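Taken from TrEMBL, the feature domain 'OBG-type G' covers 169-355. Annotation source TrEMBL lists coiled coil at 394-421. Residues annotated as region 'Disordered' in TrEMBL: 518-674. Marked as compositional bias 'Basic and acidic residues' by TrEMBL: 533-547, 640-651. Feature annotation from TrEMBL assigns compositional bias 'Basic residues' to 592-602.
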Amino acid sequence: MVQYNFKKITVVPTGKEFIDIILSRTQRRTPTQVHKGYAISRLRQFYMRKVKFTQQNFHEKLSTIIDDFPRLNDIHPFYGDLLHVLYNKDHYKLALGQINTARNLISKIAKDYVRLLKYGDSLYRCKSLKVAALGRMCTVIKKVTPSLAYLEQIRQHMARLPSIDPNSRTVLICGYPNVGKSSFMNKITRADVDVQPYAFTTKSLFVGHTDYKYLRYQVIDTPGILDRPFEDRNIIEMCSITALAHLRAAVLFFLDISGSCGYSIAQQAALFDSIKSLFMNKPLIIVCNKTDLQALEGLSEDDMKLVMEMKSEAMKTLVGQGGEATDGSNVLLTMSTLTEEGVIAVKNAACERLLDQRVEQKMKSKKLNDCLNRFHVAMPKPRDQKERPACIPQAVLEAKAKQAEVDADKEKRKLERDLENENGGAGVYSASLKKRYILAHDEWKEDIIPEILDGHNVADFLDPDILMRLEELEREEGVLQGLEEDEDFEMDGAELTPEEQAALTEIRKKKSLLIQQHRIKKSTAESRPTVPRKFDKDKKFTSERMGRQLSSLGIDPSMAIDRARSKSRGRKRDRSSDGVESMDVDGDKQNKKMRLKSRSMSRSRSMSRPPGEVVPGEGFKDSAQKKKAIKIAKSSSKNRNKEARRGEADRVIPTLKPKHLFSGKRSTGKTDRR
């Protein structure tokens, strides 16, 4: 069970957001309507309530922030030192102290101004004191804005820390960078730690979980540690040192005996000697990794001597646990994370050593005596010297023997994986889905299944000679196409007599004329174009012909002929008869003025009718009714134009205004709009 969960810490708002939250809540949940005619006691109570309510909200919010963040002196030393390594506990305590000071200052400000409000003599004096009180509270919050921002960053980082239970069964992996710690963790747990061929891929603590003997173990992958003084180690290395110092865990010290990590065995042995004080009272196992590149037996004498010295140091931890000094089989282990050789053995050895230590510690505790007093193991006493072995019927023994013979004779059934490996492996072998078919005869399994279409077997309608028949049809089609090309010839006038050529020309002309007439008849009467002259070569479409046709129908053709002529000719400007008859100077001046006036009016705009004049077809009874309708239309569109709406259907809300912020003054009483 995880004891510390930093993901539940409340979000810390910024200084500006803090002030907006509190003042908005005060505005929403306290009365907002007051008049100078109220009694002075009522006015004082009104503004005292606002100051007290604001102070209570500030106090609750700041208290929540202070209580949610862990106190370094009250939590487990592992988390206390880890937070100190990551965030510097001096800065952390200073930020929380500033928040606590701000809370106390706001309480003091509210207390002082409530005392002053008790002696307010007017509405103006009470309101000024309220504004001053809220302003000073907001000023205090503004001054701690940097501390709020710092705590919010810490909260976000703490939420990303792994959930480590310091009291649970733990396996800790440590060593130089790039020796195979993360690869081992990915093999034995479901964690997915990034593995790269360079140093310091792991920059923080990673947690995974594994099971051994039906018990859950947490496995912690620590960043790599370099052999250098304690003061020179960075934050990444200090995370590993903190975990080694404070967690009761089985420690796996990884040793890269191949040297591919970039560090020799001598350097790794020096690191072991520098941090061996952290291994006291903990099960320690030396894990020689990458045996696929270098076997342990193939090391030089100097390197082997260093490895044996580390093994002897690990044996001391075994003696400290009460184990046998000669039993060193589980102290120095070899494995390869690439070939997975020895991985499970290392995991089992670490879990077994840790389990034995925890059981031994519990046996030494004072609680054991209290528990043993509650248990009583009853051992039955023999009533006589007669032996009473277990009675197994003879039929059962015979059945077991027979079953054992059958199992011995029975060959091991081959699996699909075995068949795949025998026949070329994945990508080459294709499993047959037909071999499990239950048929009358096994040789039927590989038969081709017929395809049925419309109740008929498709195979019955296949012609084995279909390709040959297709070639014959293509040859016949080619011969027929050649004959058609020979017969198809274009009729030209070179082979015809003069009489035949004249007849052919007349036929073609008649055909084109019929096509054109058909197209004209198909068009509608409104869009029928005027007959072009090139199609009227025989002068069939003339005004005289139209006059004769109308006269034959008993209709006077004069107006139609005049209209056709006026349409075909251009209009000329009509001259005023008055201008011809009046020759005197005054008449000329008057005509000139009229022409100028008409020209200026035509240039400016046309003569418009009055707005109240009724035009037939508008649906108004008289001009008064039309003026009234125009007035109503203007008044109805006034609000719409004021709100800059495009029309009656424009429902857009450009800015959403919360009701509690824009509703103005409200009366006393219940103001919770929710």
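Cβ coordinates come from backbone N, Cα and C, glycine included.
TrEMBL: automatically predicted annotations, no manual curation.
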Provide the three-state DSSP residue tally for the compositional bias 'Basic and acidic residues' (640-651): helix first, then strand, then coil.
3 helix, 0 strand, 9 coil
Sort out the residues at least 6 away from either end of the compositional bias 'Basic and acidic residues' (640-651), same chain, that have Cβ-Cβ distances under 8 Å to it, and list them.
none
I'd like to know the mean pLDDT over the domain 'OBG-type G' (169-355).
85
